[in-house]
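K.L.:
Take a look at this one; I'll ask things after.
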């Protein structure tokens, strides 16, 4: 509790608001020694007769009270970090609207500094923030360190000079070694002693990052008269150890710590800040909040109970179905648990609370839900179905169903904590369901199980549910009628199912289920306590080492003794103007652009009277070919909003004003073909290589009139000239064969992803490219590489516009023009930067009251500071009005007027079709990419193939040689049970496993579809088709294993029917899973819907309730259920033409007649079954494509 680590990943619970997140953090982390300090201060003030300032006294006392649900400290941190404007907004996630990326980054910082920690370790806390906001946050941290003697260590990627100057000490690392540690202001002297000097107008932080690099070091050599030789990191390390700073540091570390200089409160010796009961109360309150936020899921599950209760009517089948539906009801709990594990592990490692404090509320607060669902189910089914009308047996059934539901959700929580990822957990959950069903005593009675597998009956929770419910019902007096053989109906029924137990086993079953529940919850707690979160290993060689190993020398690495120059941002002359394919340079002009949205309900409740909220106000300007334009402003100024409005990405709201492309009014369908948009989030298919990603974009977006030699999609051939040129321009040619990978886990680095995003857009040969924060999340060197690539693109004559947050001086001055917005979406500058930013500096320094820029100060940061809302209020001016009265604005108006007229001899752009490629070309390209993605996704495809193999082997062992044992109705039920279990389990497994993969690809679909690459139909059909061969592999392994082991009849036609039915069934479930993802906002809702479908497919499969016994008003559900047709086809094709006589319920009849009379299956209707089975995947695939 003395120190805290603030990571670079923003891990939060999306269902909580910003204020709730901070309040929970403040409550768990306590107040430290503030209470003792406050008491001591009060005592001394009283002794000295000092009357404290009322405001300060109130604040000090308020933050010294621990265990409060709401604290003043939270409000204070919200204010200083600028989060007060979004305090009551949900944090959100990619599929749930919430706060912005910059606000999430500040929330991550706020979550820890709201605590009384005395040492803070902060990793890249300013990513995604503008330089002014970053300066304010670091300035706040500086005051915290100086005023409270806190120890603060911060790692930053691109600190602006003024932000860098706030630090007292500096640690510079390279290749895992410290090359300098000491006072910040002595770092330059150390490197000057090594022979390197920082140039004028070069940020010190940028210089320090580049001077240790082999590629950038030579330009800083300050002794042209002496030969330069590369100084390695090891040499810098040795020089530092020999320097005064290094020796002083060694001496400080060698001296023993003097305890007399430390206070007893300097270290906290308590693992947690609150008592056990207080921690439990805090976690309990949060769990209740999350349950309220996810009320849709729980309400839907409850409604699902009401809908299904009218379906069950056969006693044993209805009892088993009650168990199945409560078992399946736990699946959403698995997904919810997995999705919250990342935030849990972060808070656990920061000692917010122990694992048990998280596990107990998660377990206890679900008990009322289990009771509620059991009450609803029992109340609506018990008397409707016609169970024994005794109040005691009613409550016994209620207690047992409550125990089953509690056991189910506890089991799925436990599995989620063990396997930790959605794919692994759902696979394990599917196997748990399979084992519970098979050994539950209904699908195959205990007496029919192999002797050496009967132990499985006693370890299945479902067995105890089946025993308890059956014993409770069939030991009732109404089942005591004597049959022939001196046995009762109840006893005969129980005996046929192998459940002939005494009545006391009911309470043993309840005890066993509660015991399972307790064991699963203990296991859940232990797993959270001792298992580590999933690792994020990266086996990616650095770009520098990769190029060095390939003996590829960059122009910077050449040892030339010349004056230092800005090599990091200048265009590569060899590439300037080179572009194989022609394009039309176009201007984009916009005049008096306004953007409104409907006023949110929250604002109207607070008294905002206007119906519309204006986000952009009278924006006028022009973007020209070959001109690199920066779009800047503080967070929330409307930068991304302006870009989205200009390029047509806004699907809601109201846009007013005039937008012209090449002098002609903008037509969105045409504009989409000639512009590219590089999003801030680098979204790509992870299993595709860099080269393949670029080729895929080229194939789908290049004009169809271009010679097809430029659009080959065979990745085994040499990349054609244009694609190769793009890779060289963006400097991706050396890594073109690397897989893109998953961000933060595998594949490309952040900087390489940024450049790939640019390449994917550039290869479309656009005339205009918008880039949203291309340098966010990169260090100074990586940002310089990206900006060099951007500059190369601009030098080809394209129109390039970039939003940018906290650029260094070099990066800022690599732009030609600037568009600057202030809060409220108002334009305060649009024009050239000038050499060394002279134009922008002259303009703002010419406004009365604006302070002059300091020497070597970053113009970008200075510009944002002097135009901030607070500075504007202090000066009493409106920069937007000042700009509209300026000469620069008049120049821009004249330029807009000039460019609004089409050049002589030009015609408006027109394309004959919306997409570059026809439908067949789109489909082929999407199928090619999907094929590669699937082939390189063993975590998905190998897992489901192995799952099928293992389950098939288990089916074969459990139902060994049951296929030809036809003596009575129970033999038929056993065979039908094996088919039922196979169809349901493998179907649910496929439905579950496909969802995370489709959800991941869906984000890529949204980006590529908006870019005009293809229609949704082409993408969807490709994903539908690519599933087929993998399903074929599953079917082959299933049939090859189960058919001989179960002992079905070995004719070719029966084997074909068996394979065909399973193939159609697996495809139907696969496409159902894909459809559910496309219909729902996130995986939790998809899992809830899947649970509902699974239970209904189980009920109407014809196994629990034969077709002739289904009420006529529900028979339509049977006909739209794929499992009913699959089981019909399986059983009928195998036994519908078997005329061996068996004993069925005391009567002698043939197998074929029994199937017809009991199940309603007719062998001569198999052709109808075949057609319907083929129709199900077709319909589901069509619906998936439409959604």
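Heads up, the Cβ atoms here are built off N, Cα and C, so glycines get one too.
Summarising the annotation, TrEMBL assigns domain 'ABC transporter' to 588-849. Look at TrEMBL and you will find 320-343, 350-371, 391-416, 428-445, 504-531, 945-963, 975-998, 1032-1050, 1057-1077, 1083-1106, 1113-1131, 1166-1186 tagged as transmembrane segment.
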K.L.:
Test of understanding: applying the rule of at least three C-beta pairs under 8 Å (pairs 6 or more apart in sequence), is the transmembrane segment (1057-1077) touching the transmembrane segment (428-445)?
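P.N.:
Output no: the transmembrane segment (428-445) is apart from the transmembrane segment (1057-1077).
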K.L.:
Hey, which of 504-531, 945-963, 975-998, 1032-1050, 1057-1077 has the most Cβ-Cβ pairs under 8 Å against the transmembrane segment (1166-1186)?
P.N.:
1057-1077
K.L.:
Mark yes when the transmembrane segment (1083-1106) and the transmembrane segment (975-998) have three or more Cβ pairs under 8 Å (sequence separation 6 or more) and no when they do not.
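P.N.:
They do touch: at least three Cβ pairs between the two stretches lie under 8 Å.
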K.L.:
Which bits of the chain, at least 6 residues beyond where the transmembrane segment (1057-1077) starts or stops, bring a Cβ under 8 A of a Cβ in it?
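P.N.:
Those are 982-983, 986-988, 990-995, 998-999, 1002, 1023-1024, 1027-1028, 1031-1032, 1034-1036, 1038-1039, 1043, 1048, 1083, 1086, 1089-1090, 1093, 1122-1123, 1126, 1129-1130, 1133-1134, 1166, 1169-1170, 1173-1174, 1176-1177, 1180-1181, 1183-1184, 1187, in sequence order.
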K.L.:
Flag the pair the transmembrane segment (320-343) / the transmembrane segment (504-531) as in contact if three or more Cβ pairs fall under 8 Å (sequence separation 6 or more).
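P.N.:
Contact criterion not met.
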K.L.:
Can you work out which residues elsewhere in the same chain, 6+ from the ends of the transmembrane segment (504-531), have a Cβ less than 8 Å from its Cβ atoms?
P.N.:
344, 348, 354-356, 358-360, 362-363, 396, 399-400, 403-404, 406-407, 410-411, 413-414, 417-418, 420, 461, 464-465, 467-468, 471-472
